[in-house]
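Feature annotations, reproduced from TrEMBL:
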type     : residues : note
TRANSMEM : 77-97    : transmembrane segment
TRANSMEM : 117-138  : transmembrane segment
TRANSMEM : 150-168  : transmembrane segment
TRANSMEM : 175-194  : transmembrane segment
TRANSMEM : 206-226  : transmembrane segment
TRANSMEM : 233-253  : transmembrane segment
TRANSMEM : 265-284  : transmembrane segment
Amino acid sequence: VSDRSPYYQTCLEKCTTANCTKDGMNFQSVLPAQPFYLKLTKWTCRDECSYNCMWKTVDAFINRNWNVPQFHGKWPFVRIFGIQEPASVLFSIFNFAAHLMMLREFRKQVRKTSPMYWLWTFYNVICLNCWFWSTIFHTRDTLFTEKMDYFSAFSTVLFSFYAMVIRLLNEKSKFLTVVLSLICLVFFVFHVTYLSYVNFDYGYNMQANIAVGFANAMGWFIWCYYYRKTQPYVWRCALFVSLIGLCMLLEIIDFPPILWLIDAHALWHLATSGLPFLFYRFLIDDCKFLRNEKELKRIHDD
């Protein structure tokens, strides 16, 4: 592991001793002042030493024809204006923009009195929060931003599952809706509490996301198959879920960043950035269908 190698550790120790205060946070006064964008993104003296020693270690590995190493579980990325992973930041912004654009389209075409309107609006807010923290985390990786990225990502996965079940229930049981709401809320609180105060377990977090995501996908697939004839627009939902599954393959593939900027995770963000246009089109059609169904039922009851 490169960040535990004697070469990297020796470089880091020499750099911090020569350039940093004892706590590693600040630079010695004899050094030039940091650019404002590095101060803004909270790069400490030790962080700067780690970044520079990382590239020296990468060069040493390449010169010996060794495989490019990872550092603290991450590939080396070229830093741009203090941004650690520029491509992932840009593509996270693409996703944020796509959800924001489709929220406006959803509000334009769907009446507030339509069934599921407020649920999907809240879903959009959760997605926007998720991509906001993804942008912040990939800009600057700290313990706090990492947790916020992980928790907001899980909130999106869990709420997607919750919304799917609510749609399947279709207002048929208020009791089950309340029970499901409580279960999901308690599970989310447990998830965040466990990772925050007991053990920040990457393996558990991944397993929880996969389990909930798989259940969500299977629920939508079954629902889409069942209503494929009476609600022809459901093909958009089925295609969306299928494409999400294909995009997930990028999270399994792992390779050194292209031009030290774009890795598989960045490509995952890029691949998902167009999918909201498909899913929200389905949501718009489905809300219109539910509203028409509700009005027909009211006319029939009258």
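Glycine too: its Cβ is placed from the backbone N, Cα and C atoms.
Note that this is a predicted model, so its numbers are computed, not measured.
For the transmembrane segment (206-226), the partner stretch with the highest count of Cβ pairs under 8 angstroms, out of 77-97, 117-138, 175-194, 233-253, 265-284, is 233-253.
Below 8 angstroms of C-beta separation, residues 35, 37-38, 40-41, 43, 51, 128, 131-132, 134-135, 138-141, 257, 259-263, 265-266, 269-270, 272-273, 276 of the same chain, each at least six residues beyond the ends of the transmembrane segment (77-97), sit close to that stretch.
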